[in-house]
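The structure appears below as structure tokens.
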Amino acid sequence: MRRGTLVSDERTRAEVRLGGHWRQVRAAMLLTALLLLVQWPMRHVVRAGDPTCSTAARLSLLVDTGLICAYLLAAWRAHGFVALVQPAGSALRRRAFAGAALASVAACLDAVENVVLWRRFEGVPAAYGTCPSLSAGWLTGTWWVLWIGALLLAGTALVATRYGVGGHARPPRRDVGADSVDGRAAGGANPDGKAAADLTRHDRGRQIICCSGGGIRSAAFSLGALQALTDQGEYQRSSTVIGVSGGGYIAAAFHFLRRSLVDEGRTSASEPTPYAMGSPELARLRRHTHYLLPSLAVGARAIMSLLYGVVVNLVLIGILIRAIAWVLGWAIATTSVVRGLGGPNAWTDFAGLPRWYWVGALGPLTIVLALFLAEVLVDRFRVPPTWLRREGRALARLLLVPGIVSPLLLLGVPLVLVWANNLGSGAAGVQSGILDGLTDSVAGTASGVAGPRATTANAAVDSQFGFVTLAALGAAFIALARSAWKGIQTISAGVGPTLRRRILAWLRTRLVPWLGSALLVVGVLVVLLRWTAGYAASEEWRSRWWVAGLCAALLVATRIFTDATRTSLHPYYRERLSVAYLVGRGHSEREAERAYPTPLPYSRYAVSPDGGPQLVIVGSANAADTDFIPPDRGCVPFVFDPELTGVAGDVTLPAEGLEPTAEYEVRADYHRRDVTLPGAVAISGAAFAPLTGRNNAGTRPMRLLFAVVNARLGVWLPNPYWGTTSPAAALARRCGELAERRRGDGRTGPLTRLVSATAYAASIADKPGAHQLFREAFGRASMYDRRLYVTDGGHYDNLGLVEALRRRPARVIVIDASNDLEDSFAAVGSAIASARMDLGVDVNLDLRTLQRHGGQRIGRGWARGHATYPEGGTADILLVKAVLAGDLCWDLETYALEHPDFPRHTTGDQLYGEFDFEAYRALGQTLTRDLLHQVERERTPGAPFGNTSTGNAPAGNAPTGNSPAAGVPTPKGPTDDVSPLRSG
């Protein structure tokens, strides 16, 4: 197939994997080219023979160390791309492997050469009378031969594989690590003719319960609803319970407790149903409604978890700023583009800049413009070739950011340094506020390292790391916040309540988010300018090689000892949810609790051993690829199912986005620590994250702020489309399978343990690095990446209704505690539109009877509708909405009078008291009982139904027991007649 004619709905899993691999290869090659561009002027200075070239030479060697990593990465990624397409034993595959192997040998020689040259440039080289050479004799010659050989071998294999003969791409080879997966692609048979996976198999023609998102508000409301459904036997006869965000909390709690009771054989009629009134688990849950911050000690742990991520984030950002400032300061000092820095009157001199400076400043942008003009000029005479349109545009996109940043750094920073130096030295104008801190910081650093001011040891340390600068910037943040708060109070005192609310809402949602991100950018610029001024003004600063060693050690430490998941708040959040909600039942509180370290693999604990409902948790995989996702959607559904886990989207997505859950658990973590029952619930509830799917438009101003201050609950999980094609993942899979075979044969000796340890180490190496922070901060998640950023299921569909309809049930019961605006029912509207767009399912659900329009209380809190499937058949939809409806019991009436926002407490409030929790639980139970009662009345001939309301049954008159009562009638579905669904 000619790749230029490929459309999104024709893409297969292998095509997505191939495109993702090519992007990785292209990025590694671009990084190599940029590092060569950075190193070129340093080597040029050394070749010029200046006796004071020691700094340039050693800086060149440091850049060369990064260059070694970059071309090694490019070589092995090129080999991986060729291996993905070419069959084993093919000439091109052998050639690519030979090229990568030669590159590895060349890298070893390059590293040895750097050590030799580093020692050569130790001390002052002026004794030589000229600058020593950067050649290490035979080492350098051998390295050049190997490097050129590697480039030719790997490059020709890559080009031949990418474009084939005549410009055609070869079809991608199947990933052997995913052979057992591709055969189960949802939606039809795969190219090998194997039967495809079918999410509808378990639920077709049956009943599904959906618990909506909404934090603890939804958990409490859904608890009451599930209690009512259990009392009437509807929970037991359902095939699946779908949980989203807060609804997932209680759905998982209900499921886990019921499963533990079945495992223990405690299923007699005398045994209370899960979370029945008066049960020990319900009493315990009431004591854990402050589950996020239950005590000072746990709160301290939360703060430490937050600060741990913040420190790691700042270390990574600081290392990046330090590297840029070092190279930029050296370039400014070498070219003397800034003169008089540290004195009262500095100035810029762009006239005498060398050619390499202009190439670095304008080269990337020139290439972008040249690629555009080339396509335009070719288009004048013929249709531009595919390679120019696709690869040229891709290269232009990659170079666009460097093309903008390079002139700002190389041309703009010198101008700002001169302005700040002169302003800070009192040469111009009056200063105030942050501007005063900026100019004093830059001028003080330059003067302290190069001017007449004395520099103490403490001042030198501060100049090197900018501690006082950061502290001053923090104080400026606090002062600005206090000033803004006083301004808000002044505005609030002078306007009416409606206008005041609008102004406050505008300030909170429009101004403050952008202000926070703007202050972070200002902070980064202040530190960058301060450090650049120091490096530009002082040769001693430029030769502090211990700083480079420290930065390298910190980079290695962050890669070894942490990852993007462990620096986020996900581990803390997951543990708190597990402790609060996932409990068993015993005769004492101690016996009811479960040890958190006990693993709960999702494939095992999300199924029901007695044929009862399975648990499905829905998240959102964030991406912005217009190949697959409509503009502004920003995500696709990510499903945790006991049998299959992964991406389950509309028809434009490749069908093979689901993997067997048991295999996916091992792929995510060798010890199955990530894809677990509490892990899935925490991921589905990851509302606070830099990327928020359909909510990106509202949270985009806070994306940078959230990333840096570690407001990150999302998790980077393996992309199901990629299989196990990464070297570390493939090694972990092979070693794990070998260890399992050896243990199955009874061989548990040292060799088996070594193989198992190798699999574990490879799994750890394959974890997402902490550098994924930058992808989150700048919204760079993609369906082509090896990992997907998975967050709150409500970022796609807060009800879980779309996922339920995907499974083709005959009935869906939706428990909706979404906090949408009164009378809007926005979550329902979004789900209806999504079902129509993504599944072709037409949902007819009229909620006008639930609209109050500012008048008196409505008569009922539920609605009924139906869905029509495109292949024929219908499903009954019953929706219970958290609204004040009918005649409620007196405790609810009292609570509603005391809390005007009930039942729409903000989701940001996750610390409920006992009366808060009980009010929502009782409301959910009352409204759901009324729904079941009214539908049962409809089954009785002559009973009234429709808009007639007889009020709601009081919350205290609950039927008890384990036997199912006559429940909701089953509508005529796709595969069955109108009849009650059998239990199990």
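Just so it is clear, glycine is given a Cβ too, placed from its N, Cα and C backbone atoms.
Automatic, uncurated: that is what TrEMBL annotation is.
The range from 168-197, 588-617 that TrEMBL describes as region 'Disordered' is residues 168-197.
Residues 26-27, 30, 34, 324, 328, 331-332, 337-338, 341, 346-348, 350, 357, 360-368, 438-439, 442-443, 446, 528-529, 532-533, 536 of the same chain lie 6 or more positions beyond the ends of the transmembrane segment (398-420) yet place their CB under 8 Å from a CB of it. Between the transmembrane segment (511-533) and the transmembrane segment (144-165), fewer than three CB pairs separated by 6 or more residues in sequence fall under 8 Å, so the two stretches do not touch. Proximity of distant same-chain residues to the transmembrane segment (58-76), defined by a Cβ-Cβ separation under 8 Å and at least 6 residues beyond the stretch ends, is recorded for 25, 28-29, 31-32, 35-36, 38-39, 42-43, 46, 99-100, 103-104, 107, 110-111, 114, 117-118, 121, 134, 147, 150, 154, 326-327, 330, 542-543, 545, 548, 552, 727. When Cβ-Cβ distances below 8 Å are used as the criterion, the transmembrane segment (97-118) is approached by residues 57-58, 61, 64-65, 68, 71-72, 75-76, 78-79, 83, 134, 136, 139-140, 142-143, 146-147, 149-155, 157 of the same chain, each at least six residues removed from its ends.
If you look at the transmembrane segment (356-378), the same-chain residues 6 or more away from its ends with a CB under 8 A from one of its CBs are 37-38, 40-41, 44, 331, 335, 337, 384-385, 388-389, 392-393, 395-396, 399-400, 402-404, 406-407, 409-411.
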